[in-house]
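The block underneath contains the structure these notes are about, expressed in structure tokens.
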Amino acid sequence: LLTLAVLLMVSADMAFAGFGCPGDQYECNRHCRSIGCRAGYCDAVTLWLRCTCTGCSGKK
């Protein structure tokens with residue numbers, strides 16, 4: 001189970017802490033979308049303190 005959690009954390013693109021977390025997951029989602037990612041959420045693994053972006057296209 002711990003291995004799965006670590007793999008999920010490594011595979012997701014992490015934004016900086018904050019951006020609405022904790023408390024405003026919509027702000028986190030807006031932030032992630034504004035930087036070119038598909039979505040964002042407050043990550044439970046970090047006790048909802050970090051905004052995690054998913055589906056990012058990568059830096060060019």
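Including glycine, each Cβ sits where the backbone N, Cα and C put it.
Going by Swiss-Prot, these are the annotated features:
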type	residues	note
DISULFID	C21-C42	disulfide bond
DISULFID	C28-C51	disulfide bond
DISULFID	C32-C53	disulfide bond
DISULFID	C37-C56	disulfide bond
REGION	22-25	region 'Binds to membrane interface'
REGION	43-49	region 'Binds to membrane interface'
SIGNAL	1-17	signal peptide
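For the region 'Binds to membrane interface' (22-25), the list of distant contacts is 40-42, 47-49: same-chain residues at least six beyond its ends, Cβ to Cβ under 8 Å. Of the listed disulfide-bonded residues, namely C32, C51, the sparsest Cβ surroundings within 10 Å are found at C32. Note: the region 'Binds to membrane interface' (22-25) comprises 1 helix, 0 strand, 3 coil (DSSP; helix = H, G, I, strand = E, B). With helix defined as DSSP H, G or I and strand as E or B, the region 'Binds to membrane interface' (43-49) counts 3 helix, 0 strand, 4 coil. Cβ-based crowding with a 10 Å cutoff singles out C28 as the top-ranked of the disulfide-bonded residues C28, C37, C42, C53, C56. Taking CA atoms as the reference points, C32 (disulfide bond) and C56 (disulfide bond) are 8 Å apart.
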